[in-house]
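Data first, discussion second: the structure below is written as structure tokens.
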Amino acid sequence: MDVLPYLVAVWIFLAGCYGLATSRNLIHAVGCLSVCQSATYVLLLAVGYRDDATAPVFSDIEPGSRPVVDPVVQALALTDVVVGATVTALLLALVIQVGKRHGTVDPDELSELRG
Amino acid sequence: MNPRTRLALVVVAGTGLAVLLVAACLRLPRFGGDSHPYGDRAVHTSLARHTANTVASVNFDQRAFDTLGEMTILFAAVVGCVVLLRQTRDEHRARPEPADVTPPVRRYALIVLPIALATGLYVIAHGQLSPGGGFQGGVVAATSLHLLYLGADYRALERVRPVGLYEVGDAVSAAAYVVTGLAGLIGGTAFLANTLLPYGTFNTLSSGGTVPLLNAAIGMEVACAVVVLLARFLDQAVEIVEESGK
């Protein structure tokens with residue numbers, strides 16, 4: 001039972017990988033990459049969790065009165081979200097241009113090079 | 001490669017990866033355990049520097065240099081999208097047509113817009129005190145402007161959103177972050193070290209030294225970046241059409 005949150009992260013990651021490998025549409029593939037990335041959020045937050053702890057924000061709790069979860073991994077998850085969003089934006093921009101130039105977003109039909 | 005071989009390869013490689021990952025998970029520290037040495041030190045430092053939101057302290061004080069890198073990634077991605085989604089030679093701009101919006105949607109969008117904008121600005125301003133901060137509030141504030149696109153039409157959005165100004169704002173706020181860091185050097189400490197300003201009273205808006213300044217710079221940068229990004233994608237969808245065809 002203790003490893004269940006980690007296994008959830010593994011499962012999400014593998015589901016995203018499966019989607020990436022079998023994708024027939026580049027927009028769908030970008031979505032699958034986001035699924036892979038969300039596995040890292042689950043893993044990070046699972047690593048930082050502490051039993052019976054609350055958020056590491058002291059505006060409404062007395063410091064030291066309650067255990068708090070690890071703020072370092074939460075900051076890392078925030079970095080992760082930002083990088084994920086930028087990667088998604090860049091990839092979608094590329095997909096738009098691929099769609100315009102080649103008339104298809106199916107990766108299997110994009111095999112030949114075109115100048 | 002035909003789909004069947006590929007699927008077989010994916011299954012074999014995926015099973016191997018799954019076995020390795022599960023084996024790694026079994027050796028990880030227990031979920032919910034009490035040993036978080038970095039977390040404990042981060043909380044301690046955050047309280048010593050009068051920053052109520054420890055996550056903001058980690059982002060804008062203890063790992064401020066890392067956030068500089070993160071901001072640079074965002075900035076580079078915006079530049080990349082602007083270049084990728086530019087108007088090419090065989091395309092031209094069409095005037096967007098005025099669109100009909102059903103009254104309930106229009107009413108809802110126009111009521112929620114000011115609330116969402118105020119929420120975004122509130123989240124940015126209170127980043128050092130309560131959950132949230134520049135990144136989260138910036139996205140909320142930038143998204144709220146686009147309710148105008150849903151509630152009215154694209155031309156109304158373009159009137160309140162001069163993209164050039166937001167591009168300048170993006171660059172200025174990125175520079176403001178670096179300048180705040182350099183101020184530390186001039187003040188005789190280190191780049192982005194939070195030792196220059198007084199830490200203020202715990203749990204007030206001005207507490208945390210340079211944390212509120214860096215937080216505001218990030219808030220503005222993220223808001224501008226999201227507006228510019230969405231503007232480029234919306235341009236592709238609404239305005240830019242190819243010369244031939246369509």
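The backbone N, Cα and C atoms fix where each Cβ goes, glycine too.
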* Asked: Can you say which of B:131-150, B:151-170 is given as transmembrane segment in TrEMBL?
  -> B:131-150
* seg_contact(the transmembrane segment (B:131-150), the transmembrane segment (B:213-234)) with at least 3 CB pairs under 8 angstroms, min sep 6 -> yes
* Structure fact -> Top stretch by Cβ pairs under 8 Å to the transmembrane segment (B:105-125) (candidates B:67-85, B:171-193, B:213-234) is B:213-234
* Tell me the residue counts in helix, strand and coil for the domain 'MrpA C-terminal/MbhE' (B:7-91), as DSSP assigns them. => 62 helix, 3 strand, 20 coil
